[in-house]
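Down below is the structure, laid out as structure tokens.
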Amino acid sequence: MVQRKILLRISASVLLAASVGVGTTLAPASAAPDTALPELSAGVLPAMQRDLGLTEQQARTRLLAEAAAAEVAPAAQQAAGEAFGGAWFDADQGALVVGLTDQSKAEAVRATGARTTQVARTEADLAAVKARIDEAAQHTAAPASVHSWRTDPRSGSVVISVRAGADDQELDAFLDRARQAGPVTVERTTAPRPETFAAGTVGGDPYYINGNVRCSIGFSVQGGFVSAGHCGTAGASVSGWDGSAMGSFAGSSFPGNDYSFIRIGNGWWTVPVVLGWGTVSDVLVRGSREAAVGTSVCRSGSTTHWHCGTILAKNETVNYSQGAVYGMTKTSVCAEGGDSGGSFISGDQAQGMTSGGWGNCSSGGETWFQPVNEALSVYGVSLVTA
């Protein structure tokens, strides 16, 4: 019995890097050394092969190219200066592509190792347009037929995702207000409206809030872990999957944001690991360098375990029924109820915590995550890293 208790606590602590359930300003950080890839590959490569349709060599080559792209991104953005129009990873080219509104900056950007392309508007211009739409939506909420809106450097506009077939005065009024803010592209979608991925209690899963909601742990930080804000409010008690007390929510923000900080004690401790759930080997967390759009990303969650996909968009506002959440990252990764709060990781770099989405892991879907660096900054905590 004593041995089982210890194992449960070790396993739950490992979940402090596991999952439950964006502007393209790229945060500077040192790149992971290439020597880390063989260790990482044991856990990540099989899932990338399964979910992205790659061979082992293709997955390995892509991880190396993505790590190189993340390493050059800060210098490339600096070289672009005020002409910076966003950046994304091009899987076909195996390189970071930087959008420029002024081609006189192209040579300096290419000197950093990135490639360049012409775009119509700067990232700052598009971010300002989206901020005006966000502000308008805070005064008059977007209708349920509006699923989300995001900056899109390649189209030079803010793309608004609207339910196919929707046509009413409330929607027309929202789109009129959005167009007054700046260039807008309307994208019609047959996908269901995004929803958060918290779930009711299911025996044997990682952590519970006030005994009746289940979520997954995001990433270990000094003194506890970060997770999704919609999982619980400040002061809510948290217990582990063995039923023992873990701690409580020290802070939580939802809607508007979707992050929380849970302070732990009672014999629980933190480790820099994302759980593989037996599907893949557990993955060490070495930092939180932000990955570009187009980069592969994997998610670990207590319901659907380990799945991978690509980053589709950043700085997206998601219009949940509980209210809009701003600055989210959109991915092609699936998730289901109970996966909320869990970790998104690219290579060995923490990216964010599962928020919500649509679909499931049988037929597919899309999932948004809350970027982790924002939560770390708000709560003044640091990742526990290997």
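Here the Cβ of each residue, glycine as well, is placed from N, Cα and C on the backbone.
According to TrEMBL, the signal peptide annotation covers 1-31.
Annotated domain 'Peptidase S1A alpha-lytic prodomain' per TrEMBL: 121-178, in sequence order.
TrEMBL lists C215-C231 (among others) with the feature disulfide bond. Counting every protein chain shown, the Cβ of C215 (disulfide bond) has 36 other Cβ atoms within 10 Å.
The active site, charge relay system annotation in TrEMBL covers H230 (among others). In the three-state DSSP reading, H230 (active site, charge relay system) counts as helix. Summarising the environment of H230 (active site, charge relay system), the number of other Cβ atoms within 10 Å of its Cβ, over all protein chains shown, is 29.
The annotation active site, charge relay system is assigned in TrEMBL to D258 (among others). DSSP gives D258 (active site, charge relay system) a coil state; it is part of no helix or strand. The Cβ of D258 (active site, charge relay system) has 35 neighbouring Cβ atoms from other residues within 10 Å, across all protein chains displayed.
Taken from TrEMBL, the feature disulfide bond covers C298-C308 (among others). In the three-state DSSP scheme, C298 (disulfide bond) falls into the strand class.
Sequence-distant neighbours of C334 (disulfide bond) (same chain, six or more apart, CB under 8 Å from its CB) are T304, H307, G309, G357, G359, N360, C361, G364, G365, E366, T367, listed in sequence order. Annotation source TrEMBL lists disulfide bond at C334-C361 (among others).
Residues or ranges marked as active site, charge relay system in TrEMBL: S340 (among others). Secondary structure at S340 (active site, charge relay system), taken from DSSP and collapsed to helix, strand or coil, is coil. Of all Cβ atoms in the protein chains displayed, 33 besides its own lie within 10 Å of the Cβ of S340 (active site, charge relay system).
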Restricting the comparison to the recorded positions H230, C231, C308, S340, which residue's C-alpha is spatially nearest the C-alpha of D258 (active site, charge relay system)?
-> H230
Measuring C-alpha to C-alpha, could you say which of the recorded positions C215, H230, C231, C298, C308 are within 10 Å of S340 (active site, charge relay system)?
-> C215, H230, C231
Quick one: pull the CA-CA distance for C298 (disulfide bond) versus C231 (disulfide bond), whole Å only.
-> 21
Could you tell me the C-alpha distance between C215 (disulfide bond) and H230 (active site, charge relay system) in angstrom, no decimals?
-> 9
Rounded Cα separation (Å) that holds between H230 (active site, charge relay system) and C308 (disulfide bond) = 23
Across all protein chains in the structure, which of the disulfide-bonded residues C231, C298, C308, C361 has the highest Cβ count within 10 Å?
-> C231
Expressed to the nearest Å, what is the distance separating C231 (disulfide bond) and C308 (disulfide bond) at their Cα atoms?
-> 23
